[in-house]
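Engineer: Below are the features I grabbed from TrEMBL:
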DOMAIN    67-265  domain 'TLC'
TRANSMEM  28-52  transmembrane segment
TRANSMEM  72-95  transmembrane segment
TRANSMEM  107-124  transmembrane segment
TRANSMEM  136-155  transmembrane segment
TRANSMEM  161-182  transmembrane segment
TRANSMEM  194-213  transmembrane segment
TRANSMEM  233-253  transmembrane segment
Amino acid sequence: MKPFFPPPPSEWRVLVEPYVRAINLPALAAHFHVLLGSALFYQTIFLLSPFISKIFAARSYGKLKTRGKINWNIHVVSQVQCIIICIFAAITLIYDDDLKKDKLTAYSPFGADVYAMACGYFLWDSYVSIRYINLFGPGFAVHGLASLFVFLFSFRPFAMYYGPAFLFFELSTPFLNIHYFLDKCDMTGSFAQMINGVMLMTTFFSVRIVWGWYAAYQYFADIFSRMDVVPGWLAYTYLAANASLNFLNVYWFSKMIDALRRRSKGEKKAPVQEAGNVEGHKME
(Lines of atoms letter the chains of each structure in order from A and count residues from 1; the text may use other names and numbers.)
(Lines give C-alpha, C1' and ligand atoms only; values in the text may rest on other atoms or scores of the structure.)
Protein backbone atom coordinates (compact mmCIF):
# COMPACT_ATOMS: atom_id res chain seq x y z
CA MET A 1 0.00 0.00 0.00
CA LYS A 2 1.04 3.57 -0.60
CA PRO A 3 2.21 5.58 2.42
CA PHE A 4 -0.45 7.51 4.31
CA PHE A 5 1.80 10.51 4.89
CA PRO A 6 3.80 12.44 2.25
CA PRO A 7 7.49 11.54 2.00
CA PRO A 8 10.10 13.63 3.79
CA PRO A 9 12.14 16.24 1.90
CA SER A 10 15.08 14.64 0.12
CA GLU A 11 17.51 16.69 2.23
CA TRP A 12 15.96 15.30 5.39
CA ARG A 13 16.28 11.73 4.17
CA VAL A 14 19.91 12.27 3.16
CA LEU A 15 20.60 13.62 6.65
CA VAL A 16 18.89 10.76 8.49
CA GLU A 17 19.82 7.78 6.31
CA PRO A 18 23.45 7.27 7.42
CA TYR A 19 22.38 7.08 11.06
CA VAL A 20 19.49 4.66 10.61
CA ARG A 21 21.61 2.44 8.37
CA ALA A 22 24.33 2.43 11.02
CA ILE A 23 21.86 0.85 13.46
CA ASN A 24 20.49 -1.47 10.76
CA LEU A 25 17.07 0.18 10.48
CA PRO A 26 17.22 1.34 6.84
CA ALA A 27 13.45 1.56 6.32
CA LEU A 28 13.22 4.19 9.06
CA ALA A 29 14.78 6.88 6.85
CA ALA A 30 11.56 7.31 4.85
CA HIS A 31 9.38 7.43 7.97
CA PHE A 32 11.43 9.18 10.65
CA HIS A 33 9.52 12.41 10.05
CA VAL A 34 6.28 10.55 10.81
CA LEU A 35 7.76 9.25 14.05
CA LEU A 36 8.80 12.72 15.18
CA GLY A 37 5.55 14.27 13.97
CA SER A 38 3.58 11.68 15.92
CA ALA A 39 5.52 12.42 19.11
CA LEU A 40 4.94 16.16 18.67
CA PHE A 41 1.25 15.57 17.98
CA TYR A 42 0.80 13.70 21.26
CA GLN A 43 2.78 16.32 23.15
CA THR A 44 0.41 18.93 21.72
CA ILE A 45 -2.59 16.91 22.95
CA PHE A 46 -0.92 16.67 26.36
CA LEU A 47 -0.44 20.45 26.51
CA LEU A 48 -3.99 21.15 25.32
CA SER A 49 -5.58 18.66 27.71
CA PRO A 50 -5.76 21.06 30.70
CA PHE A 51 -7.70 23.63 28.66
CA ILE A 52 -10.04 21.04 27.14
CA SER A 53 -10.57 19.30 30.48
CA LYS A 54 -11.46 22.58 32.21
CA ILE A 55 -14.24 23.03 29.64
CA PHE A 56 -15.75 19.53 29.77
CA ALA A 57 -14.85 18.41 33.30
CA ALA A 58 -14.04 21.59 35.20
CA ARG A 59 -15.04 20.37 38.66
CA SER A 60 -13.45 16.93 38.43
CA TYR A 61 -10.24 18.18 36.84
CA GLY A 62 -10.01 21.22 39.09
CA LYS A 63 -10.00 19.23 42.32
CA LEU A 64 -7.04 17.10 41.25
CA LYS A 65 -3.60 17.82 42.62
CA THR A 66 -0.56 18.24 40.35
CA ARG A 67 0.16 14.51 40.12
CA GLY A 68 -3.48 13.75 39.42
CA LYS A 69 -3.71 16.38 36.67
CA ILE A 70 -0.61 15.03 34.94
CA ASN A 71 -2.05 11.52 35.11
CA TRP A 72 -5.39 12.79 33.74
CA ASN A 73 -3.61 14.49 30.82
CA ILE A 74 -1.70 11.28 30.08
CA HIS A 75 -4.99 9.38 29.92
CA VAL A 76 -6.38 11.96 27.49
CA VAL A 77 -3.40 11.39 25.19
CA SER A 78 -3.77 7.64 25.59
CA GLN A 79 -7.44 7.82 24.59
CA VAL A 80 -6.64 9.72 21.41
CA GLN A 81 -3.74 7.43 20.57
CA CYS A 82 -5.51 4.12 21.05
CA ILE A 83 -8.40 5.12 18.79
CA ILE A 84 -6.09 6.33 16.03
CA ILE A 85 -3.70 3.38 16.15
CA CYS A 86 -6.48 0.76 16.23
CA ILE A 87 -8.05 2.22 13.08
CA PHE A 88 -4.73 2.22 11.23
CA ALA A 89 -3.80 -1.24 12.52
CA ALA A 90 -7.09 -2.63 11.22
CA ILE A 91 -6.57 -1.07 7.80
CA THR A 92 -3.05 -2.51 7.63
CA LEU A 93 -4.01 -6.00 8.72
CA ILE A 94 -7.01 -6.24 6.39
CA TYR A 95 -5.96 -4.36 3.26
CA ASP A 96 -2.15 -4.26 3.12
CA ASP A 97 -1.39 -7.08 0.70
CA ASP A 98 2.29 -6.10 0.53
CA LEU A 99 2.83 -7.44 4.03
CA LYS A 100 0.95 -10.67 3.36
CA LYS A 101 3.51 -11.69 0.72
CA ASP A 102 6.16 -12.35 3.35
CA LYS A 103 5.09 -11.99 6.96
CA LEU A 104 8.66 -11.73 8.26
CA THR A 105 10.65 -9.67 5.77
CA ALA A 106 8.12 -7.75 3.66
CA TYR A 107 8.04 -3.96 3.70
CA SER A 108 5.03 -1.73 3.14
CA PRO A 109 5.14 2.09 3.06
CA PHE A 110 1.69 2.25 4.67
CA GLY A 111 2.54 -0.31 7.33
CA ALA A 112 5.80 1.50 8.08
CA ASP A 113 3.85 4.74 8.59
CA VAL A 114 1.67 2.92 11.14
CA TYR A 115 4.76 1.66 12.93
CA ALA A 116 6.22 5.17 12.92
CA MET A 117 3.02 6.52 14.47
CA ALA A 118 3.20 3.88 17.19
CA CYS A 119 6.89 4.56 17.80
CA GLY A 120 6.15 8.28 18.02
CA TYR A 121 3.68 7.60 20.79
CA PHE A 122 6.14 5.37 22.64
CA LEU A 123 8.81 8.06 22.25
CA TRP A 124 6.43 10.60 23.77
CA ASP A 125 5.43 8.14 26.50
CA SER A 126 9.09 7.52 27.35
CA TYR A 127 9.78 11.25 27.50
CA VAL A 128 6.84 11.94 29.82
CA SER A 129 7.63 8.93 32.02
CA ILE A 130 11.24 10.06 32.43
CA ARG A 131 10.27 13.69 32.97
CA TYR A 132 7.85 12.73 35.75
CA ILE A 133 9.78 9.72 37.04
CA ASN A 134 9.65 11.20 40.54
CA LEU A 135 5.84 11.01 40.40
CA PHE A 136 5.27 7.63 38.76
CA GLY A 137 8.49 5.69 39.35
CA PRO A 138 10.84 3.97 36.87
CA GLY A 139 8.46 1.21 35.78
CA PHE A 140 6.54 3.35 33.32
CA ALA A 141 9.74 4.67 31.76
CA VAL A 142 11.03 1.12 31.28
CA HIS A 143 7.71 0.10 29.69
CA GLY A 144 7.77 3.02 27.25
CA LEU A 145 11.41 2.54 26.24
CA ALA A 146 11.02 -1.23 25.83
CA SER A 147 7.96 -0.78 23.61
CA LEU A 148 9.79 1.84 21.54
CA PHE A 149 12.81 -0.35 20.89
CA VAL A 150 10.77 -3.48 20.11
CA PHE A 151 8.70 -1.63 17.50
CA LEU A 152 11.75 0.11 16.03
CA PHE A 153 13.17 -3.26 14.99
CA SER A 154 10.37 -3.52 12.42
CA PHE A 155 12.30 -1.00 10.30
CA ARG A 156 15.01 -3.57 9.52
CA PRO A 157 12.37 -4.44 8.04
CA PHE A 158 11.24 -7.33 10.24
CA ALA A 159 7.82 -8.83 10.99
CA MET A 160 5.88 -5.78 9.81
CA TYR A 161 2.86 -7.99 9.20
CA TYR A 162 2.52 -8.92 12.87
CA GLY A 163 2.85 -5.49 14.47
CA PRO A 164 -0.73 -4.42 13.69
CA ALA A 165 -1.96 -7.71 15.15
CA PHE A 166 -0.40 -6.84 18.49
CA LEU A 167 -1.47 -3.20 18.26
CA PHE A 168 -5.02 -4.56 18.48
CA PHE A 169 -4.29 -4.98 22.18
CA GLU A 170 -5.16 -1.28 22.32
CA LEU A 171 -8.83 -2.11 21.67
CA SER A 172 -9.25 -2.55 25.42
CA THR A 173 -7.57 0.77 26.24
CA PRO A 174 -10.55 3.10 25.54
CA PHE A 175 -12.57 1.28 28.20
CA LEU A 176 -9.63 1.38 30.60
CA ASN A 177 -9.38 5.15 30.17
CA ILE A 178 -13.14 5.62 30.47
CA HIS A 179 -13.04 3.67 33.72
CA TYR A 180 -10.38 6.07 34.99
CA PHE A 181 -12.34 9.17 33.98
CA LEU A 182 -15.57 7.86 35.53
CA ASP A 183 -13.70 7.23 38.75
CA LYS A 184 -12.30 10.77 38.81
CA CYS A 185 -15.74 12.19 38.02
CA ASP A 186 -17.19 10.62 41.19
CA MET A 187 -18.97 7.86 39.27
CA THR A 188 -17.19 4.94 40.92
CA GLY A 189 -19.62 2.04 41.21
CA SER A 190 -22.20 3.70 38.96
CA PHE A 191 -24.24 1.83 36.36
CA ALA A 192 -22.18 3.50 33.62
CA GLN A 193 -18.96 2.26 35.18
CA MET A 194 -20.42 -1.22 35.58
CA ILE A 195 -21.33 -1.40 31.88
CA ASN A 196 -17.93 0.00 30.93
CA GLY A 197 -16.28 -2.56 33.21
CA VAL A 198 -18.06 -5.39 31.41
CA MET A 199 -16.89 -3.98 28.07
CA LEU A 200 -13.35 -3.59 29.40
CA MET A 201 -13.09 -7.14 30.68
CA THR A 202 -14.70 -8.55 27.54
CA THR A 203 -12.38 -6.72 25.16
CA PHE A 204 -9.35 -7.30 27.39
CA PHE A 205 -9.96 -11.05 27.43
CA SER A 206 -10.81 -11.17 23.71
CA VAL A 207 -7.91 -9.14 22.30
CA ARG A 208 -5.17 -9.59 24.89
CA ILE A 209 -5.73 -13.19 25.97
CA VAL A 210 -7.50 -15.06 23.15
CA TRP A 211 -6.23 -13.03 20.17
CA GLY A 212 -2.90 -12.24 21.83
CA TRP A 213 -1.90 -15.85 22.44
CA TYR A 214 -3.17 -16.95 19.02
CA ALA A 215 -1.21 -14.20 17.25
CA ALA A 216 1.88 -15.03 19.32
CA TYR A 217 1.67 -18.69 18.30
CA GLN A 218 1.40 -17.78 14.61
CA TYR A 219 4.19 -15.24 15.00
CA PHE A 220 6.74 -17.55 16.56
CA ALA A 221 5.77 -20.49 14.38
CA ASP A 222 6.75 -18.31 11.41
CA ILE A 223 9.95 -17.10 13.05
CA PHE A 224 11.27 -20.50 14.13
CA SER A 225 10.42 -22.07 10.79
CA ARG A 226 12.63 -19.49 9.07
CA MET A 227 15.63 -19.08 11.31
CA ASP A 228 17.74 -18.88 8.15
CA VAL A 229 16.52 -15.29 7.64
CA VAL A 230 16.02 -14.25 11.28
CA PRO A 231 19.04 -13.55 13.53
CA GLY A 232 18.89 -15.70 16.64
CA TRP A 233 19.29 -12.75 19.03
CA LEU A 234 16.35 -10.97 17.38
CA ALA A 235 14.11 -14.03 17.49
CA TYR A 236 14.76 -14.63 21.18
CA THR A 237 14.47 -10.94 22.05
CA TYR A 238 11.01 -10.87 20.51
CA LEU A 239 10.13 -14.17 22.15
CA ALA A 240 11.08 -12.84 25.59
CA ALA A 241 9.29 -9.52 25.09
CA ASN A 242 6.12 -11.06 23.70
CA ALA A 243 5.95 -13.87 26.24
CA SER A 244 6.43 -11.38 29.08
CA LEU A 245 3.60 -9.20 27.80
CA ASN A 246 1.26 -12.14 27.27
CA PHE A 247 1.86 -13.48 30.77
CA LEU A 248 1.41 -9.97 32.18
CA ASN A 249 -1.93 -9.77 30.37
CA VAL A 250 -3.00 -13.00 32.06
CA TYR A 251 -1.84 -11.63 35.41
CA TRP A 252 -3.66 -8.31 34.94
CA PHE A 253 -6.85 -10.11 33.89
CA SER A 254 -6.65 -12.37 36.94
CA LYS A 255 -6.32 -9.27 39.13
CA MET A 256 -9.44 -7.81 37.50
CA ILE A 257 -11.36 -11.02 38.19
CA ASP A 258 -10.15 -11.09 41.78
CA ALA A 259 -11.07 -7.44 42.30
CA LEU A 260 -14.52 -8.04 40.80
CA ARG A 261 -15.02 -11.01 43.11
CA ARG A 262 -14.07 -8.97 46.16
CA ARG A 263 -16.26 -6.09 45.04
CA SER A 264 -19.23 -8.47 44.81
CA LYS A 265 -18.66 -9.12 48.52
CA GLY A 266 -19.17 -5.47 49.37
CA GLU A 267 -15.78 -3.80 49.01
CA LYS A 268 -16.01 -0.27 47.60
CA LYS A 269 -13.08 0.05 45.22
CA ALA A 270 -13.84 -0.33 41.52
CA PRO A 271 -12.38 -3.54 40.00
CA VAL A 272 -9.86 -1.95 37.67
CA GLN A 273 -8.63 0.61 40.18
CA GLU A 274 -8.09 -2.13 42.73
CA ALA A 275 -6.28 -4.22 40.13
CA GLY A 276 -3.68 -1.46 39.94
CA ASN A 277 -1.62 -0.56 36.89
CA VAL A 278 -2.56 -2.09 33.56
CA GLU A 279 -0.31 -1.88 30.50
CA GLY A 280 1.46 1.31 31.44
CA HIS A 281 -1.67 3.05 32.77
CA LYS A 282 -1.61 4.38 36.31
CA MET A 283 -5.13 3.87 37.64
CA GLU A 284 -4.86 6.06 40.72
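Each Cβ is built from the backbone N, Cα and C atoms, and glycine gets one as well.
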Engineer: Which of 107-124, 161-182, 233-253 shares the most C-beta pairs under 8 angstroms with the transmembrane segment (72-95)?
Structural biologist: 161-182
Engineer: Using Cβ atoms and a strict cutoff of less than 8 Å, what residues sit near the transmembrane segment (28-52) while being 6 or more residues removed from its termini?
Structural biologist: 3, 5, 7-8, 12-13, 16-17, 20-21, 61, 69, 72-74, 76-77, 80-81, 109, 112-113, 115-121, 123-124, 127-128, 152, 155
Engineer: Let me know the model's mean pLDDT on the domain 'TLC' (67-265).
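Structural biologist: Mean model confidence (pLDDT) across the domain 'TLC' (67-265) is 90.
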